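**Student:** Okay, handing you the structure first.
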Amino acid sequence: MDTFLFTSESVNEGHPDKLCDQVSDAILDACLEQDPESKVACETCSKTNMVMVFGEITTKAKVDYEKIVRDTCRGIGFVSADVGLDADNCKVLVNIEQQSPDIAQGVHGHLSKKPEEIGAGDQGHMFGYATDETPELMPLTHVLATKLGAKLTEVRKNKTCPWLRPDGKTQVTVEYRNEGGAMVPIRVHTVLISTQHDETVTNDQIAKELREHVIKPVIPSKFMDDKTIFHLNPSGRFVIGGPHGDAGLTGRKIIIDTYGGWGAHGGGAFSGKDPTKVDRSGAYIVRQAAKSVVASGLARRCLVQVSYAIGVPEPLSVFVDTYKTGKIPDKDILDLIKENFDFRPGMIAINLDLKRGGNFRFQKTAAYGHFGRDDPDFTWETVKLLKKA
């Protein structure tokens, strides 16, 4: 049998880049909650004892940026310098200006345009992907790596493994076979976990508890065998972590946010951006389109691309590839996609309810993936059944 190996990684919410994504989206949530027409492009960076938020925000909302930064860091678990950051005592720098009037007039006419007239906030191309290899219609490598990271955080916060600290990374290699273009997982080849820990714990205890409390509950036993390789904290020591260990920046984990290296990526990040930014809204609608194609039984695997020009509502192009798994020709699937999905940014915002903030709506997306999540706030995961004519 001809097989191949493919690998996806994830990082959990205490990773410095992911901390920054969550701060940027917490600010977006706060703006949209009070003013759904907020225009937000919020970046965050972090290093030892410092978090800085900067960018362009035009909003009627009254937002305490410093409080949001501290609350977000505290919620992740950064409560003292020795775990990587002290939420209550670190420096918080804010450098936020209004959206450029040039962009405002071109995209939304200073809020005067109707939803169907709103132009894309920038040029760019975005990809959506779906595959029938998991119930989530997501790649198994990505699903397992992401769930391992989420489980690490769970057992840290519920004190099952009190020696854990917030920062951590996971990686999963799966052996696959190609079944006429569809991806069929056979077994998990390698599991890698590197997690921050306190000084009291031994490497043997780390490995034993990670197997018991993190790996065993997440990876189905049918995918494990006696040849599965485990690398558990292979560097030997990971006490210094979070922003103390490495600088963090919004938008540095775009593959973890999406499909773990499968499909394709146009390069635009999601966090801290309101829905006029097609980097985010465009990627969400093409995920819904690709997922709907697979869920409707029209293909076992699907990639959809959309592209935009700044200030122009209609997409420049829409592309579909079913990797030769389509039950009908790709051009017919493309016609169905165009009939069933409105790719104009103003309409995406309405149809996917993307102007609604608050309740951690977007902050939730900023750790453990934007896709394949079972949560009603993830409106782009709703399947539209597509019928071939």
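Using the three backbone atoms N, Cα and C, a Cβ is placed for every residue, glycine included.
Quick caveat, the model's predicted, so the values are computed rather than measured.
Reproduced below are the annotations present in Swiss-Prot:
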{"type": "BINDING", "residues": "Glu9", "note": "Mg(2+) binding site"}
{"type": "BINDING", "residues": "His15, Asp167, Gly168, Lys169, Ser235, Gly236, Arg237, Phe238, Asp246, Arg252, Lys253, Ala269, Lys273, Lys277", "note": "ATP binding site"}
{"type": "BINDING", "residues": "Glu43", "note": "K(+) binding site"}
{"type": "BINDING", "residues": "Glu56, Gln99, Asp246, Lys277", "note": "L-methionine binding site"}
**Student:** So if I measure Cβ to Cβ from His15 (ATP binding site) and keep only same-chain residues at least 6 apart in sequence, which ones fall under 8 Å?
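**Tutor:** Set apart from His15 (ATP binding site) by at least 6 residues yet with Cβ under 8 Å, we have Asp167, Gly168, Lys169, Gly242, Gly248, Lys253.
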**Student:** Using only the residues recorded as binding ATP (His15, Asp167, Gly168, Lys169, Ser235, Gly236, Arg237, Phe238, Asp246, Arg252, Lys253, Ala269, Lys273, Lys277), report the maximum Cα-Cα distance in Å, whole number please.
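**Tutor:** Value for the max Cα separation, rounded to a whole number: 42 Å.
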**Student:** Mind computing the max CA-CA distance among Glu56, Gln99, Asp246, Lys277, which the record assigns to L-methionine binding, rounded to whole Å?
**Tutor:** 30
**Student:** Whole-number Å distance between the CA of Glu9 (Mg(2+) binding site) and the CA of Ser235 (ATP binding site)?
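**Tutor:** Glu9 (Mg(2+) binding site) and Ser235 (ATP binding site) have their Cα atoms 17 Å apart.
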**Student:** Given the binding-site residues Glu43, Arg237, Asp246, find the one whose Cα is closest in space to the Cα of Lys277 (L-methionine binding site).
**Tutor:** Glu43
**Student:** Using only C-alpha positions, which one of Glu43, Glu56, Gln99 is spatially nearest Ser235 (ATP binding site)? These are the binding-site residues in the record.
**Tutor:** Glu43
**Student:** Please name the residue among the binding-site residues Gln99, Ser235 whose C-beta has the most neighbouring C-beta atoms within 10 angstroms.
**Tutor:** Gln99
**Student:** What residue among the binding-site residues Arg237, Lys253, Lys273, Lys277 has the most other CB atoms lying within 10 A of its CB?
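**Tutor:** It comes out as Lys273.
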**Student:** Would you kindly give the Cα-Cα distance separating Glu43 (K(+) binding site) and Glu56 (L-methionine binding site), rounded to the nearest Å?
**Tutor:** 9
